[in-house]
Amino acid sequence: MRLSDVQEGSIVKVVAVYGGKGILMKLSSMGIRPGDKLKIVSKLYGGPLIVEHTIHGCSIAIGRGMASKIEVVKQ
Amino acid sequence: MIKIALVGQPNSGKSTIFNSIAGYKVRTGNFPGVTVKYTETVVRIGNNKAKVIDLPGIYSFYTNEPAEIVTKEFILDQDIDVILNVVDSSVLSRSLELTVELTEFGIPMVIALNMTDEANRKGLEIDEKTLSEIFGVPVVKTVGNKGIGVKELFEMALKDRRIPKELKYDKDVEFAIEDIKKIVKDTSGFSKRLFAIMILQNDAKYLSKIRKEVYERCRNIKKEVELQHGKPIEYVISSERHKLAMSIFEKVTKIKRVKKELFKDKIDRAILNPYTGYPLILLTFIFMFLFAFYVGNFLSSIIVNPIESMLSFEIPGIYGEVIKGIVDGIIGGVGIVIPYLIPLLAFLGFLEDVGYMSRVAYLLDNIFHKMGVHGKFAGPMILGYGCTVPAIMATRIIENPWERIKGAILIPMIPCSARSVIILALVGSLFGVKAVLIYYAANLLVIFFVGMALAKTLNYPVEGLLMEIPELRIPRVTVIFKKTYLYLKDFLTLAWPIIIFGSAVFSLIEYLNITDIMDRALSPFTVHVLGLPAVLGAVIIFGILRKELALFMIYTALGVAINQGANGILNILGLKGVLAFVLFITFYIPCMSTIVVLLREFGAKVTLISIFAGISVGTLLAVLVRLLPI
């Protein structure tokens with residue numbers, strides 16, 4: 001499933017990032033890489049969400065478009 | 001003189017450390033990406049002098065964003081003596097990836113473990129001795145906003161400059177680095193390892209330095225690595241840094257049991273929850289306007305009015321008129337700055353420092369997307385209620401040039417303090433506070449529709465929101481105070497001189513009595529399109545020089561005594577006339593200072609488009625008001 005389909009409160013593991021090298025590099029530079037676990041701390045109706053990286057401890061807001069390019073599995 | 005460069009991830013507290021050593025020169029904020037250009041200053045550390053440079057915050061050097069390129073070129077071309085790597089200890093594992101990347105440069109380094117108090121609160125205990133051994137450079141624990149450890153940090157940068165140890169990556173990456181080192185002969189003065197890594201991660205600048213056949217051979221080496229890993233080469237290398245950073249992180253930290261949910265986490269949840277978050281935004285902004293309305297009017301009555309009456313004098317002759325204009329301009333500036341601009345900027349500075357603005361950006365992202373911009377736009381837009389000049393400058397935090405252009409068009413439509421003075425004086429005193437709030441809401445709605453129309457015309461893919469949400473913090477009063485001053489500086493150095501100049505020109509023209517000519521020239525537009533008396537022609541033209549000048553001028557032009565107040569204006573113009581006038585003045589053209597800053601930041605074309613958009617919207621609204629059945 002995609003990150004954009006995940007509900008608030010759940011913890012997911014990033015499996016892959018689609019949409020080209022640019023997005024993959026941008027996300028990984030901010031600390032989000034395939035294999036990482038994220039907690040969805042906030043999600044707005046039909047829009048962006050905030051994930052908290054379970055190891056780094058940083059919170060990152062991700063727009064819906066970008067979230068729909070991140071493949072995740074529920075933990 | 002020794003050159004010290006501050007490098008670190010966004011929001012790691014670089015600028016705070018810089019300010020703490022250099023006095024207050026950089027704008028800091030609890031908002032990622034506040035430093036867009038670098039700032040340098042000479043500071044005295046003990047008995048020595050050093051040049052300290054604050055570079056933009058970057059997550060890494062490999063995504064090729066402008067800030068990364070600026071930082072990289074600066075470090076490599078400017079003979080930096082020591083890199084001061086500022087690390088946010090509370091997100092140590094991620095921050096170390098940049099530290100690892102910085103070691104590749106082969107430049108002496110000192111690591112500042114900043115925000116250690118925040119890390120402790122999160123239950124992270126960091127062993128700085130081991131960290132120092134692993135990197136082979138000094139490590140100093142700091143709490144930048146309290147000034148803890150900052151002096152020691154800079155002393156260390158002066159007396160203990162060591163080149164970091166060479167960290168080794170995975171075998172196949174190291175092989176590739178070695179292979180490239182063998183075939184590249186001329187590294188134009190850079191270390192062979194750095195040069196090879198740059199080639200390996202496709203750095204455009206370094207690729208352009210090698211000959212074609214070398215380029216081909218390097219490409220084959222890269223292809224092989226990509227085949228082995230099944231990932232783009234840049235990602236393979238960054239993953240290596242990530243692995244190293246994680247293993248270092250595990251060696252140097254102990255994770256204690258984290259305390260139960262803190263009070264600020266509860267507040268954070270309420271801010272981010274849509275049911276409480278949106279009402280909170282609304283309340284915050286209503287509060288902001290009421291604050292400006294009451295505090296502004298109060299300050300205006302006790303400070304500005306006495307000064308005005310004290311300085312009203314008559315000097316005969318043309319020079320007297322010019323001097324009078326200049327004095328008017330100075331007082332006019334004070335009349336905006338002290339009562340309206342300072343309280344508003346201080347309040348915004350507070351919101352930014354707490355970390356609220358980035359959360360507002362997140363909450364409003366959906367709505368902003370309809371205008372083809374993303375949530376980060378909220379910051380500059382809100383700043384626009386203070387003064388358009390710093391707001392336009394603040395659009396620098398937006399990476400996409402198309403989005404910035406939208407800022408150039410939309411931000412001048414937000415009523416700044418000067419225009420708020422008109423709105424408060426006319427709409428406010430005639431119809432009360434509620435009407436003012438409705439006016440502001442309607443104004444926002446219009447901007448929203450213009451934004452949507454722009455999204456349809458300037459149809460480019462909107463970059464998705466990707467923004468760090470910093471921890472909520474209690475800001476320090478001194479920091480807010482100084483930050484207000486920095487925003488104010490944009491106004492004082494750019495807008496104020498133009499206001500003074502505008503006033504002088506206005507006095508002169510009034511003295512020469514050529515306003516009639518302007519009235520007549522503009523009368524087809526003023527009378528037939530806007531439905532206003534022809535005598536307001538000159539008022540409209542002078543509004544460009546100084547928006548709030550239009551308020552004083554309208555009394556003179558209509559022959560209404562100031563002590564009659566807004567009712568005198570209402571009697572002559574009627575309800576529709578007053579509304580049409582206020583709307584047109586709010587939207588029609590950015591003031592002279594804004595035009596100057598637009599020209600400087602965007603060039604002539606965008607400036608003209610912005611002016612054209614303003615006039616069109618202002619005219620359209622005035623005409624609509626005329627057609628209203630009231």
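Note: Cβ is positioned from N, Cα and C throughout, glycine not excepted.
Per TrEMBL, GTP binding site is recorded for B:8-15, B:54-57, B:114-117. In the three-state DSSP scheme, B:T116 (GTP binding site) is classed as helix.
DSSP classifies B:N19 (Mg(2+) binding site) as helix under the three-state reduction. The Mg(2+) binding site annotation in TrEMBL covers B:N19, B:S20, B:G23.
What TrEMBL records for B:1-163 is domain 'FeoB-type G'.
Same-chain neighbours of the transmembrane segment (B:280-304): 270-271, 331, 334-335, 338-340, 343-344, 347, 351, 356, 360, 363-364, 382, 385, 417, 420, 424, 428, 433, 436-437, 440, counting only residues six or more beyond its ends whose CB sits under 8 Å from a CB of the stretch. Residues or ranges marked as transmembrane segment by TrEMBL: B:280-304 (among others).
According to TrEMBL, the transmembrane segment annotation covers B:325-351 (among others). If one looks beyond the transmembrane segment (B:325-351) by at least 6 residues along the same chain, the residues whose Cβ comes under 8 Å of a Cβ in the stretch are 29, 284, 288, 291-292, 295-300, 303-304, 307-308, 311, 357, 360, 382-383, 385-387, 417-418, 420-421, 475, 480-481, 483-484, 487-488, 491-492, 495-496, 499-508, 546, 548-549.
Summarising the annotation, TrEMBL assigns transmembrane segment to B:377-398 (among others).
Taken from TrEMBL, the feature transmembrane segment covers B:410-431 (among others).
The transmembrane segment annotation in TrEMBL covers B:437-455 (among others). If one looks beyond the transmembrane segment (B:437-455) by at least 6 residues along the same chain, the residues whose Cβ comes under 8 Å of a Cβ in the stretch are 286, 289, 367, 370-373, 406, 409-410, 413-415, 423, 427, 582, 586-587, 613, 617, 621.
The transmembrane segment annotation in TrEMBL covers B:491-509 (among others).
Residues 502, 506, 509, 515, 549-550, 553-554, 557-558, 572-573, 576-577, 580-581, 584-585, 588, 619, 622-623, 626 of the same chain lie 6 or more positions beyond the ends of the transmembrane segment (B:521-542) yet place their CB under 8 Å from a CB of it. The transmembrane segment annotation in TrEMBL covers B:521-542 (among others).
Residues annotated as transmembrane segment in TrEMBL: B:578-599 (among others).
Summarising the annotation, TrEMBL assigns transmembrane segment to B:606-628 (among others). If you look at the transmembrane segment (B:606-628), the same-chain residues 6 or more away from its ends with a CB under 8 A from one of its CBs are 405, 408-409, 412-413, 446, 450, 529-532, 576, 579-581, 583-590, 595, 598-599.
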As a whole number of Å, the Cα atom of B:S12 (GTP binding site) is distant from the Cα atom of B:N19 (Mg(2+) binding site) by 13
The correct three-state DSSP answer for B:K14 (GTP binding site) is helix
Within the same chain, the residues 6 or more beyond the ends of the transmembrane segment (B:491-509) and with Cβ under 8 Å of it are 318, 321-322, 324-326, 328-330, 332-333, 337, 341, 387, 389-390, 515, 518, 538, 542, 545-546, 549, 553, 591-593, 596-597
Should one count Cβ atoms within 10 Å of each candidate's Cβ, the binding-site residues B:S12, B:N19, B:S20, B:N114, B:T116 would be headed by B:N114
Among B:N19, B:S20, B:G23, i.e. the binding-site residues, the one with its Cα nearest that of B:D54 (GTP binding site) is B:N19
Cβ density check for B:P56 (GTP binding site), other Cβ within 10 Å (all protein chains) comes to 23
Students should find that the Cβ of B:G8 (GTP binding site) has, within 10 Å, a number of other Cβ atoms equal to 30
